[in-house]
Amino acid sequence: MGETAHNHQQPPPPQAAAAPPPPPSLALSRGPTWTPAEQLQQLHYCIHSNPSWPETCLLAFEHYIVMLGTTVLIARNLVPRMGGDPGDTARVIQTLLFMSGINTLLQTIIGTRLPTVMGPSYAFVLPVLSIMRDYNNETFSNEHDRFVDTMRTIQGSLIVSSFANIILGFSKAWGNLTRFFSPITVAPVVCVVGLGLFMRGFPLLANCVEIGLPMLILLIICQYLKYLHPRANPAIERFGLLVCVGIIWAFAAILTVSGAYNNVGQQTKQSCRTDRSYLMSSASWVKVPYPFQWGAPIFRASHVFGMIGAALVSSAESTGTFFAAARLAGATHPPAHVLSRSIGLQGVSLLLDGIFGAAVGTTASVENVGLLGLTHVGSRRVVQISTAFMFFFSIFGMSSIYHLKLRKKSHRVLIHVYSDTLHLPGKFGALFASIPLPIFAAIYCVLFGIVAAIGISFIQFSNNNSMRNHYVLGLALFLGISIPQYFVSNTTGDGHGPVRTNGGWFNDILNTLFSSPPTVAMIVGTLLDSTLEARQTINDRGIPWWKPFQSRKGDVRTDEFYSLPLRINEWMPTRFL
């Protein structure tokens, strides 16, 4: 059929505009990219590999030195305000060291089995201040009686509060709670475990700048010195902290002996001098802490609730510290059943703390976890050997040794004058307790920073370009620091926090909970991450990567790191594993 005059050819349909070429990848021009790493590859020794025995002992002693600062600081702040004398302060330090050794062994053998030192916790300071405040209004025949009654009440409160952790742990409730975690939740929790302790860093260092600042600078210089020679690298990396402590400690002793602190304020003397021999000069040279050493415990309901709040806080703090320790020890992330087991055992530790009369409860030591990263040694054996130093320095002294030397050498007057001049401690434990606290503060600046950085590293397992993740992470991180700072800043010296209702027990619980950065970050992060577009952003949150670590058989490496020794799991009930 031919074409007609009205049948003309239609124009071709317009073609879609060609898509512009994708922008060049900036990553290619800036160097290689790195895939997420579940385990750190730069460790010299991981959780189940061990250095030689001489190195193990030196590293274990290093762990003891690091945890000693918190022990001395808590005892020095609390015991005099309770009415205790220097001898009482010495006994409290001995008890805290002794219980740290026991609780560390329990946690590393049948708890998480991670290389974490269990030391005294600041979370219990507020409930202790509340107990002290009540006893300040009572009349005693002398100050020592007030101290003893305060310690007995602390004992009773610790014993009762321990059952909160025991129930949460062994009922698996705490493990079920951690199943709501994701990398977006764990990152701010672990981060504020380190950052939340900033007041124990430079502010404490600044109390004696001429000692603390050289210590901090020397620690940083060590990171450069280890590259001078290949053989010097491992030695400086592992033992540089001990060398720095020895140098600055000797410098502080010279300043003390030369009279540099004779005409300064009391605060400067307490922070700078190395002659704090009063800490143990009144104690027996051999003293073993024993159950109920202060007397029968006193149970008061108004104080128990505040201590329960502290027990919950210590659980949150320990959980964040365990995640950091697992990463720095070369282990996979602890599954839910291991965290339940560890928190239940931490309740047992609180029970033992109450029975033996410790001034505060126990938590995982953040500074010792940071030391794993500084030394690149995450060996479990090193931490277990460190308990031997805790036991030794909490029990044995050297007064009798000095006295024997005096008799043999017949230089009683000369050595007596020398001892008075240097104010040498009369006990081994007091010798190391004389290390000025600004030295420890300089160490904390480095170690707490390492733990905070480990928290940031968890972001690699989620979508870093998700605005939703930025919102949850940023809010949890900021409020985790800001809210506790408000509570701490508005807490009076006798423990009155910003929450001041007619119920003292209610005040103690809330003031304790919201004074803890990891607890606040855990609450905010878990609520937001579990409710804000949770189902639509499962991949962005990193759940596919995270989920296998939450179950007992989810990862084949779990038993390698967390199984109990000596086939204990074969006869222990499964619900307790």
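From the backbone N, Cα and C atoms, a Cβ is placed for every residue, glycine too.
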Stretch carrying transmembrane segment according to TrEMBL (options 116-135, 296-315, 356-375) = 116-135
Near the transmembrane segment (205-227), which residues from the same chain, at least 6 beyond its ends, have a CB less than 8 A from one of its CBs?
-> 233, 236-237, 240-241, 243-245, 247-248, 251-252, 255, 267-268, 271-272, 436-439, 441-443, 445-446
Under 8 Å Cβ-Cβ from the transmembrane segment (509-528), and at least six residues away from its ends along the same chain, one finds 123, 126-127, 177, 180-181, 184-185, 188-189, 191-193, 195-196, 305-306, 308-310, 312-313, 316-317, 319-320, 471-473, 475-477, 479-481, 483-484, 487-488, 491, 497-499
Of the stretches 156-174, 180-198, 239-261, 435-459, 471-489, which racks up the most C-beta pairs under 8 Å with the transmembrane segment (116-135)?
-> 156-174
Recorded stretch, among 156-174, 239-261, 435-459, 471-489, maximising Cβ pairs under 8 Å relative to the transmembrane segment (180-198) = 435-459
Out of 156-174, 435-459, 471-489, which stretch has the largest tally of CB pairs under 8 angstroms to the transmembrane segment (239-261)?
-> 435-459
